[in-house]
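Everything on this sheet refers to the single structure shown next.
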Amino acid sequence: MFREKLRREIEIIKNNGLYRFLRKKDDGVLDFSSNDYLCLSKHPEVIEAVKEGLKYGAGSTGSRLTSGNINHQRLEEKIAEFKETERTLVYSSGYATNVGVISALCKKGDLILSDKLNHASIIDGCKLSKADVLIYNHCDVEHLTNLIEENWGKYNNLFIVTDGVFSMDGDIAPLRDLKKIADEFNAILIIDDAHGTGVLGDGRGTLKHFNLKPSDNIVQIGTLSKAIGGLGGFVCGIEEVVEYLINTSRSFIFSTALPPHVVEGCIKAFEIIEKTDIVKKLQKNIKIANKVFKKYEFIKEDNLTPIYPFIFKEKTMEIAEHLIKNNIFCVGIRYPTVPKGLERIRVSINVGHEKEDFELLCERIKEVYSSD
């Protein structure tokens, strides 16, 4: 009975053209799907640090509050220094960080104002928080202000929650404006900088990109699985925020800690970002990609981040399959990850790509797609 019910549901998903399946990325393909923007996951120094970290064992064997607190505080100290903030807390994943931080800090009687295009982990954290949630139009400062003014005085606390860099479009939140609004209305600004850390502001993220300094009303969230090339997530803020989360954040308290060898790799990754020009190399590659992609008319304006949405709508999955058949790994993104009518090939570039790689990608796409 249960099996048949699930089969019917899966068939509906297939009939609607929304069926997902797991695909193995073959060796030797040209990869435009990875979030490993700085290629640190394969950096020799990072790999060596991971090997050295195996002296602690293959796993952490418990949560941070039991047997799992091994070398994690060294990583937290490194991130806090890197992000120029008081303190950092490391979680087992970026998803767990957003869910755990938002659901712990935001409570019944509070109001969350969340950007329309925020990541699913933010949306889930808002749902778990028991706070009221209002969605403001994407990066629309005027709409956000109007919502706050309409609800002023009705709630105990106000939280503005936004991605720093939006994962599907690669655009940047207007943090300078959001910070002004947070200051004016005594709100807390929570920034998920998963795609900004290691990319913008000399690698220190979106806040640094706008020359903004950490403050008491800013909570920064990040991931260790994208530009850092490892696994896990983190939250940065004032001392009291971290102390509170250690005691109340369920996804921190009840999750097994990151494996210690992964922690060592992440520490080394931050050191590489600090001591080399690897972030500048990424920014140089973004400028090269901008020229190529504009030449082929896949973008109209220059990007500041390594995420490029090529909107192909109903042709998206056909193009994605064509690319894979030609040894280019670049996945199609469709509803419900993105709105209907905005299906796209999400192109992620990294420091390892060459101009010729961008040209090849565009040529292969042109074989099945014409903008005319």
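Just so it is clear, glycine is given a Cβ too, placed from its N, Cα and C backbone atoms.
Copied over from Swiss-Prot, here are the features:
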| type | residues | note |
| --- | --- | --- |
| BINDING | ARG20, HIS119, THR337 | substrate binding site |
| BINDING | GLY94, TYR95, SER167, ASP192, ASP193, ALA194, HIS195, THR223, LEU224, SER225, LYS226 | pyridoxal 5'-phosphate binding site |
| MOD_RES | LYS226 | N6-(pyridoxal phosphate)lysine |
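If you check the binding-site residues GLY94, SER167, HIS195, LEU224, LYS226 against HIS119 (substrate binding site), the ones with a Cα inside 10 Å of its Cα are SER167. Within 10 Å of its Cβ, the residue among the binding-site residues GLY94, ASP193 with the fewest other Cβ atoms is GLY94. Within the set GLY94, TYR95, SER167, ASP192, ASP193, ALA194, HIS195, THR223, LEU224, SER225, LYS226 that the record links to pyridoxal 5'-phosphate, no two Cα atoms are more than 15 Å apart, and one pair reaches that distance. Following the DSSP three-state reduction, the secondary structure of GLY94 (pyridoxal 5'-phosphate binding site) is helix. Each of the binding-site residues ARG20, HIS119, HIS195, LYS226 was scored by the number of other CB atoms within 10 A of its CB, and the lowest score belongs to ARG20. Within 10 Å of the Cβ of LEU224 (pyridoxal 5'-phosphate binding site) there are 30 other Cβ atoms, across all protein chains. For the substrate site, whose binding residues are given in the record as ARG20, HIS119, THR337, the maximum C-alpha distance rounds to 19 Å.
Cβ neighbour count within 10 Å across all protein chains ranks SER167 highest among the binding-site residues SER167, THR337. Each residue contributes its Cα atom, and for LEU224 (pyridoxal 5'-phosphate binding site) and THR337 (substrate binding site) these two points are 22 Å apart.
Sequence-ordered, the extra residues of this chain that approach the pyridoxal 5'-phosphate site, with Cβ no more than 8 Å from the Cβ center of GLY94, TYR95, SER167, ASP192, ASP193, ALA194, HIS195, THR223, LEU224, SER225, LYS226, are ASN35, HIS119, THR197, ILE221, GLY222, GLY233.
Taking only the Cα positions, the spacing between ASP193 (pyridoxal 5'-phosphate binding site) and ARG20 (substrate binding site) is 27 angstrom.
If you take the Cα of HIS195 (pyridoxal 5'-phosphate binding site) and the Cα of THR337 (substrate binding site), they are about 17 angstrom apart, rounded to a whole number.
Across the fold, the C-alpha of THR337 (substrate binding site) and the C-alpha of SER167 (pyridoxal 5'-phosphate binding site) stand 10 Å from each other.
When the binding-site residues GLY94, SER167, LYS226 are ranked by how far their Cα is from the Cα of ARG20 (substrate binding site), SER167 comes first.
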